[in-house]
Each structure stands twice: as structure tokens, then as C-alpha cells.
Amino acid sequence: MSEQASTPKAGSETPMVEMRGVNKWYGDFHVLRDIDLEVRRGERIVICGPSGSGKSTLIRCINHLEEHQQGEIVVGGVPLTQDVKRIEQIRRSVGMVFQHFNLFPHLTVLENCCISPMWVQKKPRREAEAEAMKYLERVQIAEQARKYPGQLSGGQQQRVAIARSLCMHPEVMLFDEPTSALDPEMIKEVLDVMVELAREGMTMLCVTHEMGFAKTVADRVIFMDQGQIIEENAPEPFFNDPQSERTRLFLSQILGH
Amino acid sequence: MTIQREMIPARPAPGSTIGPIAWLRANLFSGPVNTVFTLLGLYLLYLLLVPTIQWAFIDADWIGTSRADCSREGACWVFINARIGQFIYGLYPGSEIWRVNLTFAVFAALIAWLAIPRLPFKRWVAVLTLVAFPLLAYFLLYGGHFGLRVVETHRWGGLTLTLILAVVGMVGALPIGILLALGRRSQMPIVKSFCVVFIEFWRGVPLITVLFMASVMLPLFMPTGVSVDRLIRAFIGITLFQSAYMAEVIRGGLQAIPRGQEEAAAALGMTYWKRMGLIVLPQALKMMIPGIVNTFISLFKDTTLVMIIGLFDLLGIVQAALSDSRWLGFALEGYVFAAFMFWIFCFSMSRYSQYLERKLHTGHKR
Amino acid sequence: MSVRPQARPAGPKPPFWRDRAKRALIFQLLLVAAVAAFLLYIIGNTQANLSARGITTGFGFLNNTAGFGIVQSLIDYSSQSTYGRTFVVGLLNTLLVSALGVLAATIIGFTVGIARLSPNWLIARLANGYIEIFRNIPLLLQIFFWYFAVLRAMPAARDSLSIGEVIFLNVRGLYLPEPLFESGFGLIPLAFGVAVVASIALVIWNRRRHEATGKRLPAGWISLALILGLPMLVLVATGVPVTWDVPELRGFNFRGGITVIPEFLALWLALSIYTASFIAEIVRSGIQAIPHGQTEAAQALSLPRNLVLRLVVVPQAMRVIIPPLTSQYLNLIKNSSLATAIGYPDLVSVFAGTTLNQTGQAIEVIAMTMAVYLTISLLVSMFMNWFNARVALVER
């Protein structure tokens, strides 16, 4: 199915993320309906859909920022339960990038990157900083390390946020509309970093409307509407020959002009 | 490849997550610590509410005219009943009370007009309230014209005086506050420093020293032989004090208006006063209303301090009634009544200001 | 024609009343003239009034004997003392009730403010009830309530309420046992000092170790145990060299122990409870001002809940909380002047009240009183500017 870039490391081992029959309600609102999803290691998945379709909620369930009420979620072989220790264990192996960056404004870029290695993984500052600099270089922002987030542009902030997640050595990265709060000229610098990351074989789940990104990088594209997965396919058939009427409508709306 | 042809219909949430039981579990008993807190809270509520209700309602005396009717163990509201006229009107002569009532009726109508969002002509009603109403109130309350008997200010008291003090302080402070706020933002160094010193001075001292100053120093400032009515002295002190706080609220509102507004007005060829009066202030005032209501609430509470310089506002007159030898020992009833009156006014005003703030916030986002 | 570049646009000079700079100058001169004229008028009137009443101006009266007693004084004072000393006594009493009020209001305010955000519905509602009730009732009324309706309604000395026969409350005040230190007690403050120094050293060492190796100890808990435990240990080891002077009923009154006058209690209670309701609102809105995304990002970085609060939420919330908090402290200090309504001998009551009435030196007395409050306000706002400059978030 995947024709692009690197191949998944091994299809036989346990899936990175597994969701079975997941349901979630906000009060009476049924926001996720019978979600079944399996993400293999090294796989890149793009999730799209109209706003309010539950796509953000879906990936936020994976690191338990949202709680699901029915069904089963297993991350890296660890089932997600109410157990606080397990939640922390899962969050250590799952990196997340937010729409609004959510950098800590009272800490410098470098401190933002070191906070989790130093306090959670209990690394010495020197080691944590050296590693953070390595990742900041990779997202090409090392020269800004001593600045505060408020001094950076949106694109720069988002790249710092990616570096901050990478400092934890996550096994899977979640992207929650990482480019939708950015000015057009800054979208590319963030997407470049994400493409680079994909090329290195990172398991990724991206909620995004960047269809160019989906075409170049994704192994699978998922279309969601009204809290359910409507269509799930490799990018080429997904874009060229969408099966469902809703998918067709959605694609025509976002690619139409 | 997966394609979902049939849409899954929305199902109701499982019973364990909605409904009253789930609500209780989520909000009151979500864990052992939470359960302990809930039980402690319930116990505290029991300790506070049961004796209060017992005292204020179940064991209370309601009807009667004299001390002898206070026979039961709880509160004796007869005391309040007997004194209610004084508490509200002070020593205003009984036959003239319609004048107070009329004044407040007019005032309430004006304020209601201003507070209800849908009614038109807001600006004219505001001008009416700030300019015409004070004159009307003066002629009605003090009298001496149009065949109305003069009622000396020392007869004014109770809730009436509290409201008069608060409204006069407010109406007087608004224009001074606007000038001070504009002055503080001015480019002219002398004007600016004068306003800064003036504002910071009044904000730095307690109201009580201001009232002391107004009552003992003001007579010294006047030409020999001129005496100023005690109430006027309190008005002057309160207005100066309040204007400094008002200036800061207005400055906050002015700062919230983007610079572009003033620049656009200047580009249209407006002079300073036109830019302020037509463009900046009308927008800023709208944003300032919650802040203005909040300072009004604190002024309303602060008017109680005038009893220290010998005026009988609501608290002052309750306090005076408590030392009446026929009605000794009803301090609790007196304070509870006064607290209730103040609370009703302040709470409803603060709710209104919160409502405005919410409206302002959403109005700006969308 | 000048060769040098002109600071002002060239062209025909406008008449001076249309020249912007001159206009500003004239306007300001007019303002100065008006203020000066007003002041001269007032000063003239005042001098005439004062000479008519036979009052001499100046601060000489501060050296005269006051001739009145003060019920509570932190320094030696008798009716033979001078008016100058009444000023100091009043000032110290103001500072005492303010300091204790700030302490209590902070504790109550933070507790209620955090309770207001509790996920427990009942606790949050109770905290909200506290806030809405106490901040909407005038402070003076609350002071009267505690003083006249509660403390003045206490039983006489003979029927005092008591806790374990060591603490007594009656219409004359609160009587607490006073610790009397015997020889050897000096070791206990010493032990306390050692524990504090050791804790500070531990915290610094722990921080260095954390930076160097990534490992850390629960230094906060260890320090707490040290600071509480070490003095206790020494206390027991030295055989408890403290005796308590327990107040005792002799005749119509209590003797011994520490007496807290009801005026102080009422003022302190009312100030603390009233100000706490405002502080609680500040704390609540300060914590709520931190966007939820900050918490989520910290959680996504797998920080445990206590670290999310300590490293991300609290440092940001404190920036929002501290400026309005200091202005509440300032309000509390200014509001302590309501003491005069129940006769607690604070600065306003003793100095701007009794001293002013006895000497008639209105201008000097009011000026001195206001100067005290202005100085406090100035110091606090200087602190606030310094603090704001220090913690301001760096932005573009």
C-alpha cells in the first residue's frame, strides 16, 4: 500500500497504536463513534475531515488528554487505563505538537526543551542541553536557544515545539493541526521539518489540511466525519478515486480552488 | 482500505457517564479524597445553615410593635419593622417622603433604561441621568423652590443618604476622572505630572483621612465666616477621592482602544477634543462600564464611612438605633438587616458588571 | 536664511495662538497659574482662620505631653508621654494589625481561591459563597458585626468561654497563655536556625545535584521535617525549658498571659475575612488566566501533575496574581484606618482622632497621617514596578 519513502520497519511486531471500538461523548454529544484504528511502527497517517468531525479528539485520546468512555486503546503494547503511572509511561513515548504551539512563555527555548528530560527522565542539565541543542539544530533554530518564545515568529515557535517533543525520544508523534495557526509563508518551514522527520522513519499521526503533505508523506489518509472514520486509503487512491460521497464533497471543497 | 458506507447513528452516552448519579460521582465522590471533602463540606454547611435558619426564620418574631413582642429565642424582626421608616428615609419629614420616593423612582427608571440592552436613545438618557437628574434631585430633595418645603440636610439619612452619597460621588467623579485620565496620557509634561500626582495622592490615602480632611480642614480653607454644610463637605471629599479611582478605570479603557482609531480620526482632520469626544471616548466608555460599575460598588460600600464624621447613612442610622434604650440588645438583627440591604445592591450590581464583561468579551471575539 | 537644517518646518510663522508648541506652553502656564492662585487663596484663608482661632502652626506640639492613655501599645507609653510618641504608638498599632491581617488574608484567600477551582462541586460552591457574601458587605459593617454583635456580646470574665482552661474569651478580650523561657531555651531558636540553614543548603545542593546528575531528593519534605523536627528534638532533649503563664481569673478579671483586646480581634478578623474574599478572586482568575494549552502541553511532555503545577502553572499564575495582590495588601493597610470606628488605637484613631481634637493642629496632623499612608503606597508601588519589570514575559 505504501509506495513512498521508507518502508515500515517490521509489519509483524505489535502495532504502535491500536484503537478498538473507541467511543467518546462530551455530555450527550457522541463525538467518537466506534473507532477502529491500527498504526504500525514507522507508519505515517494523515487524518482530515471537516471541523468538529472529532479528528483532534481522536489523537488527543491517544495520550489521554481526553478520556474515552468505551473501547480499548493500546499504545506501544501498553493498554491505556485510569492508572496514572501507565498514562505517564504512555505520554513519555508519545510526542505531541499543538495547533497553538503551547510553548511555556516563562522559559527560554532551551529550557522548554530541557524541562521534560531533566524532570521526567532525570538527565543532568549538561546532557539535556546538549541533546536539546542537537534537536534545535535539526529544526534549524539553534541560534535562538536563549530567547523566549514570545520573541519568535509562529513558524519558529512551532519548530521549537517539535524539537521539544523530540527531546523525549518519542516513539510516535501526534500533530494536531500544526500549521493552521501559521501565516502562509511560515507553513513551509514547519512542513519541511515534518517531512524530514517522516523520512527518518518516525511514526506519525497528523491532523492536517495540508493535502500536499499528505500526498508526499502519508502511508494512509483517513477521512473523518461526524465522529467516525468514513474512508481510509493510501493517498493515491484516496485523492484520485475517493469512494465515499462525503469524501468527494470534502475534497472538492478544500482542493476546489 | 476501509470505507464506511453506512453512517453510525449517534448513541446516547452510556448510563455510567451521564445522569444525576454519574454527576454525583464525577463532581462529589470521584475519589476517596474528594469524598472526604464532600462530607466535610456537607458538615460545614449543616453547622452554618441549621442554626442560621433556626434563628432567622423558625424561632423568629415577626409581628408586633414593641420590645415586649420579642418573646422567642430567635431573631426579633419587630425591631426592624418598627424602625424601617428611619432606616430608609432617615429623619426626612413623613409628609414629604413622596419626594424621596419620586426621586428614586425617576432614578430607577433612568438606570433601568440604561441597563436594558435593547432600549434606544442610550446616549440621551445617559446625558439626562448625568446632567438633568442631579438638578431634579436637588430641587426635589432639598426643596425651597416651586412651593416645596426646605428639608435641611441634617434630616437626610438612612438608605436615602447612602444612595445620594454614592450617586453624587459618582456623577461628580466621572467628568473629573475623564479630564484626569486624558491629562495623564497627555504629551504636556506639566499637565501630565499634575494629573499623576493628583491621582496617586488620592489613591494613596485611606478614604477616612480624606473625610477627616474634608470635615476639619475644609472649613479652614474657606474665607472666614463662610461655613460649608457637613453633607457638602462629605460630597467634596468623596468626589475627589472617587475621581482618582475613576481616572484609572478610564485610563484603562482608553488604553484598550487601538492607536489606529485616534490616527484615523486625526487623518480625517479632527481636532484633539473632537478625536476624543467623537471617536475615542465613546468606544472606550463602552469598555469601561464594567470597571465603572465596580468602582461604584466600592464607593457604595465606602459611603458607610461617613458615619465617622457624623452623618447617618444606612449603617449609621442602624448603629444609632442600636443604642436606643428601648431597643437594647438587637445588634445582630440590625447588622443582619443592614448587611442584607448592602448585599442585595452590591451583589446585583456585580452580577450586572460580570454580565457586561462577558458580553464585551464575546462581542470582541466574534 | 539659515544653512543648518531646521528642526521645524520652514514657512511663514503662524501667529502664536496657532503654534502647536506655544499653545501647549501657554496652556500649561495657565494651569500652573490657576493651581498657584488656588493654593494662595487657600493658604491666605487658612492663615486668617488659624489666627482668628489663635492656633499657631508648626510641629512644636509634638513635644507637648499628651495626657491621655492608649489601651494597646507596643512601646512604653503612658499619659505623660508626648504627642510625638502617640504618633509612633498609633503607627506601630497600624502596622501590627496590617501585618497580621495580610498574613491571615493571604492564607484564607489562597485557600478559598484554590477551593473555588476544586473539581468538587460542593467545595467550589462553598468557596464561591464565601467570596460573594463577604466582598459585597461593607467592611465597616463587618467590623461592627464582629465587635458589637460578637465580641461585645461575650459573657463577663466570670463566665468566660474557654478552650482547655488555658485560652479564655470574654467581653474584655482574648486571653492566651504566655510562654516564659527558662535558661537553656536559647538552644531551641539555635536548633531552628541550624535547621533553616541546613534546609537552604539542602535545597541548593539538591538543585546542583539535579542539574549535574538528573537525580533529586524530595528536598521540600526533608526541609519541612528538619525545620519542625530538629527544634522539637532539642526541646525534648533539654527537658522542655518552657513554662506557660496561664491567664487566671482573679476577682473580676484575668491576670497573666497575653491579652488581646476585642478591638484588635474585631478589626483583624474583619480585615482578614473581607480582604481574603478579594484575594480569593485574584487567585482564581490568576490560575484560570493560564491557558489550558499550557497544562496540556506539560501533560503531553509526561510531566506528573505536581510538576505541571510547580514548573508551568504556578510560575505563570504568580505573575498574574502578584500585582493585584499587592494592591489588595495596600487596601488592607488603608482599610485598617477604620479602626477609629471601634476605638482600636491605630494611627488615625490615636493621632488624627484624639491628638487632633486635643491640639487643634488639623493641618499638621492630617498631613503627617496622610504622609504615612502615601509613603507606604509609594514603597509598595515601587516594589510592584520592580517586580513587574523583573518578571515581565519577554515578547517581541
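We number each residue from 1, going along the chain as drawn.
Glycine residues also receive a Cβ, built from the backbone N, Cα and C atoms like all the rest.
The annotation domain 'ABC transmembrane type-1' is assigned in TrEMBL to C:91-384.
The feature transmembrane segment is assigned by TrEMBL to C:24-43 (among others).
If one looks beyond the transmembrane segment (C:55-75) by at least 6 residues along the same chain, the residues whose Cβ comes under 8 Å of a Cβ in the stretch are 81-90, 92-93, 96, 261, 263-264, 343-345, 350, 354-355, 358-361, 363-364. The feature transmembrane segment is assigned by TrEMBL to C:55-75 (among others).
Residues or ranges marked as transmembrane segment in TrEMBL: C:87-112 (among others). Through the fold, the transmembrane segment (C:87-112) approaches residues 62, 70, 72-75, 77, 127, 130-131, 264, 267-268, 271-273, 275-280, 282-283, 328-329, 332-333, 336-337, 339, 344-351, 355, 368, 372 of its own chain, all at least 6 residues removed from its boundaries and within a Cβ separation under 8 Å.
According to TrEMBL, the feature transmembrane segment maps to C:133-151 (among others).
Summarising the annotation, TrEMBL assigns transmembrane segment to C:184-205 (among others). Remote same-chain partners of the transmembrane segment (C:184-205), defined as residues 6 or more beyond its termini with a Cβ less than 8 Å from a stretch Cβ, comprise 217, 219, 222-223, 226-227, 229-231, 233-235, 238-239, 241-242.
The transmembrane segment annotation in TrEMBL covers C:217-244 (among others).
The transmembrane segment annotation in TrEMBL covers C:264-283 (among others).
Among the features that TrEMBL reports, transmembrane segment is placed at C:365-387 (among others).
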Positions whose Cβ lies under 8 angstroms from the transmembrane segment (C:217-244), at least six residues beyond its ends: 166, 177-185, 187-192, 194-196, 198-199, 202-203, 206, 209
Close approaches to the transmembrane segment (C:264-283) from elsewhere in its chain (Cβ under 8 angstroms; 6 or more beyond its ends): 72, 97, 100-102, 104-106, 108-114, 116, 127, 130-131, 133-135, 137, 139, 142-143, 145-147, 150-151, 173-174, 317, 321, 324-325, 328-329, 331-332, 335-336, 338-339, 342, 344, 346
Other parts of the chain folded back onto the transmembrane segment (C:365-387), taken as Cβ under 8 Å at six or more residues beyond its ends: 87, 91, 94, 322-323, 326-327, 329-330, 333-334, 337, 347-348, 351-352, 355-356, 359
